[in-house]
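Single-structure report; data block below.
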């Protein structure tokens, strides 16, 4: 873990590859960020305007990143997977991939210096940012709370956490004044442990009371640390009741594996079944490693997960027993299913079930599609 406070210098940074942001979503090109810390301090930053939108922004490059870190006496912490984005154009591409528009509610995990947060707010989104590193949480809070209105609206945010929709009258009054609304609340929690569902529901409820038609579902747009990618995916994808899309920056190898995994390969794993059960994933674009500080050893890529509603999930009697069966099947990956699943029923019953869905009795887990697993589960698992 890096804990020194010596100011960083520009000479210690690698060169950044120049990139040009796309003009439309269909022409997105490689280059994006792996963002800083994980999450633990939910920092509510809601920003919206009525009528003309404020488009002021600060450059997020080498100089501004170093100044931000030095202002808190910080260096990137390896234990938190902190890699800071040094190219504002890439954050624009990420927001474009998520199709963020005015009035959208967006969850950001690990805002770090606030470079992506800045883009999301300028797009008119209401942002719920969750930051584990208290120093970076303080930095982001200060960056977007530089006006006298912050103290007033910060109190409003604290009241919102207790009163829910009861805060709507004050919010409406502020919006009528065509003011930029910003409110903040900090909770010392890790993202993987905090009650993200309740936080997002509260924010969505406040937006609904303001008659925002786009706030029925929130979106997730994040440059997450690579070391928590799997945890984040497993936590967020089943939340189709509150999120419509999850747009993440991932290690490129993982991004390709989640989206383009093939049957009968070593890359085909239970996570592939999980991802396709809860979402429709799409690989968007590659992000060269040279766009981060410190520079990671791998490139990154952006994946959009379009979440399914519960009614659209594959029909299984129990999702818990389904994924338990899938995990058991892959625990003995080179074993035939009639052996790896014999704790569920007899080998003969498994062979008969495989035959009834058009599969050979000698099938192994890497040979089954998600639909095959669903059919097999419904035949051999009794709930």
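Including glycine, each Cβ sits where the backbone N, Cα and C put it.
Just so you know, TrEMBL annotations are computer predictions that nobody has curated.
Given the structure is predicted, the values throughout are model-derived calculations rather than measurements.
According to TrEMBL, the compositional bias 'Low complexity' annotation covers 1-14.
Feature annotation from TrEMBL assigns region 'Disordered' to 1-37.
Summarising the annotation, TrEMBL assigns S-adenosyl-L-methionine binding site to 83, 85, 110, 131, 223.
Across the domain 'Ribosomal RNA adenine methylase transferase N-terminal' (90-309), mean pLDDT in this model comes to 78. The domain 'Ribosomal RNA adenine methylase transferase N-terminal' annotation in TrEMBL covers 90-309.
Counting every protein chain shown, the Cβ of residue 223 (S-adenosyl-L-methionine binding site) has 30 other Cβ atoms within 10 Å. Note on residue 85 (S-adenosyl-L-methionine binding site): other Cβ atoms within 10 Å of its Cβ, all shown chains, come to 29.
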